[in-house]
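J.: Input: one structure, supplied below.
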Amino acid sequence: MDFIAILSIFVLACFVGYYVVWSVTPALHTPLMAVTNAISSVIIVGALIAAAASGAPAAKWLGLAGVVLASVNIFGGFAVTERMLAMYKKKDKPIAKGNKA
Amino acid sequence: MIPAPEIVPDLSTAADAAHAVNPWVALAYLVAGVFFILALRGLSSPASSRCGNRFGMAGMLIAVVTTLMTHLPVKSWCSGPATGTPGGLMSCPVQSGLDTVTILQILAAIGIGAVIGLTTARRIAMTAMPQLVAAFHSLVGLAAVLVAAAAFINPGAFGILGLDGNILAVSRVEMMLGAAIGAITFSGSVIAFAKLNGNMSGAPILLPARHLINLGTLAAILVGTALYALAPSAGPGEGWLFWAILVAAFVIGFLLIIPIGGADMPVVVSMLNSYSGWAAAAMGFTLHNTAMIITGALVGSSGAILSYIMCRAMNRSFLSVIAGGFGADAGASGGESKEQRPWKQGSAEDAAYMLQQAEKVIVIPGYGMAVAQAQHALREMADMLEEQGVEVKFAIHPVAGRMPGHMNVLLAEASVPYENVFELEDINSEFAQADVAFIIGANDVVNPAAKTDKSSPIYGMPVFDVDKAKQVFFIKRSMGGVGYAGVDNDVFYMNQTTMLLADAKKMVEEINKNLDG
């Protein structure tokens, strides 16, 4: 892929991000931060490449350290998001009286 | 700056080999990216949110497995005697196979991360969410720095070597930006964490000439990046630039956050969220990886939008938040011309009686409620009132709590159904019909000075119209402290206001006893 192709993906993804994030309900802004944090750890891809490459031990160890950090984030981020989202509940009992909302 | 790809001939350069990937692999990363979009899309409603989170996990799994499969660590060794002339070309029958040690090391690294991540996620208190998110941001930042450093040391593995054996200029810029943004995210998040966690005072630390220092450092980073990109070699010759810029970026991240006060931390956390995204995107450019670029763009815009929402909810410009210093002069602004005004103190019995008589009650929780851990007692109060036929709604200001949406999580944790929780703009018109506005641990967000007093530091901030409610109960620890902004609040002195001076949790429990009897 050449630079322009990548740049196109990036710019379009920024627009997608803009519209998707505005549609997130404000009540879920904290889970939004937790989950964006988890997915930004996709940087683990780079760390895995560095860790798997042969030839430069220093780069390999940096990569392994990166894998540890990113996976703390991936597991921690998704798990804490799941924990928070599980707490959002609907009303379990019938409403006492007319609620116009 | 941008090398035309045509100048790279079919001399299988490392750059070509690594980037001309199998279309199935490219497709897998694209699917991962799309799954991440769906993960955020799911958050548009609590009902679809958990499904969204699963999409996120699936996307990550696809990205990780794809990378592991396509970058299996291999090692080669000579399986027979070498032939050829010593000193000249030597060759030997080569055998290659999986490097199992490295595979195990990678799996161990993932395992260590999983254990730390899962235990933290399980144990963390919901009130400590902002610190946790700040800590997680710092990890993403540091991971980006490590990946960039690894790419700098072993560029061949990342396919960013040009024909001349040097790192391609455009890759140097991308890599440098990723490293610098990652470093800023890291040191900034560490400071944000320390401030939110109370390891460090929330008060802004103002260095003399800080704007000059910050702008100078930023300029140095940009100029350094340009010099590095144009340098004849990226190796040992000009390589020191890489490390120097990295150090400068660590320093600027630290300098940018220390002058920002505790009240502005929601903006800072959102901003660092954004930075961690841009760092991932920059590394995605380096690796030509669609999943990383899409994710980086999503996270970057997400953080930027959240910062914008927070700034708007405080009526502050993003620049003034970044410039810092808010809250430092708070003591001075509160002291001027304050006459003693009469106010009314009430008891839990009074409050319980009035709440029972009401038809409609709007509860306005603030961070003080979370500090006092009063959310569970508050939910019991709401339940009891609803059983007695009172309509109870919760009203949440965008800056309530220490990060966007924090108060919603705390109420959800206390099992308040989310249909009863409303945002500022959705409920503000209902105060005129409300019999009781019940303010607990909030202050600035109900201060009418934001609407009327142009000299007030919070002027222009959207606030709840509690003055329109027939009756106001205001739970506050004492008449002393006056919110983050340090401004007096006219709501204390209104005719219909009754102050309930006590610890929020004790007061609500006291009210609950009276509701019961």
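Residue numbering: from 1, along the chain as shown.
Positions of Cβ are set from backbone N, Cα and C atoms, glycine also.
No curator has checked TrEMBL annotations; they are predicted automatically.
Pulled from TrEMBL, these are the listed features:
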TRANSMEM  B:24-43  transmembrane segment
DOMAIN    B:26-513  domain 'NADP transhydrogenase beta-like'
TRANSMEM  B:55-74  transmembrane segment
TRANSMEM  B:103-121  transmembrane segment
TRANSMEM  B:133-153  transmembrane segment
TRANSMEM  B:173-194  transmembrane segment
TRANSMEM  B:215-234  transmembrane segment
TRANSMEM  B:240-260  transmembrane segment
TRANSMEM  B:291-311  transmembrane segment
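Are these features on the surface or tucked inside, and what touches them?
T.: A Cβ distance under 8 Å defines the sequence-distant neighbours of the transmembrane segment (B:24-43), meaning residues of its chain 6+ beyond its ends; these are 49-53, 55-56, 58-60, 62-63, 66, 70, 289-295, 298, 302.
Counting residues 6+ beyond its ends, the transmembrane segment (B:55-74) has Cβ neighbours under 8 Å at 21-22, 25, 28-29, 31-36, 38-39, 42, 96-99, 102-103, 106, 110, 291 in the same chain.
Long-range neighbours of the transmembrane segment (B:103-121) within the same chain, counting only residues 6 or more positions beyond its ends whose Cβ lies under 8 Å from a Cβ of the stretch, are 64, 68, 72-73, 132.
Note on the transmembrane segment (B:215-234): residues 1, 152, 155, 166-167, 169-170, 172-173, 176-177, 180, 241-242, 244-245, 248-249, 251-252, 255 of its chain, located 6 or more positions outside it, place their CB under 8 angstroms from a CB of the stretch.
Within the chain carrying the transmembrane segment (B:240-260), a Cβ under 8 angstroms from the stretch's Cβ atoms is held by residues 141, 145, 149, 152, 176, 179-192, 195, 204-207, 210, 213-214, 217-218, 220-221, 224-225, 227-228, 231, 234, 267-268, 321-326, all 6 or more beyond its ends.
Same-chain neighbours of the transmembrane segment (B:291-311): 29-30, 32-34, 36-37, 40, 59, 62-63, 266-267, 270-285, 317-318, 321, 398-399, 404, counting only residues six or more beyond its ends whose CB sits under 8 Å from a CB of the stretch.
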J.: What parts of the chain pack near the transmembrane segment (B:133-153), using Cβ distances under 8 Å and only residues at least 6 beyond its ends?
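T.: For the transmembrane segment (B:133-153), the sequence-distant neighbours (Cβ-Cβ under 8 Å, at least 6 residues beyond its ends) are 160, 167, 175-176, 178-179, 181-190, 192-193, 196, 234, 239, 242, 246, 253, 269, 272-273, 275-276, 279-280, 282-283, 286, 403.
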J.: Could you give the mean pLDDT over the domain 'NADP transhydrogenase beta-like' (B:26-513), rounded to a whole number?
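T.: For the domain 'NADP transhydrogenase beta-like' (B:26-513), the model's average pLDDT rounds to 87.
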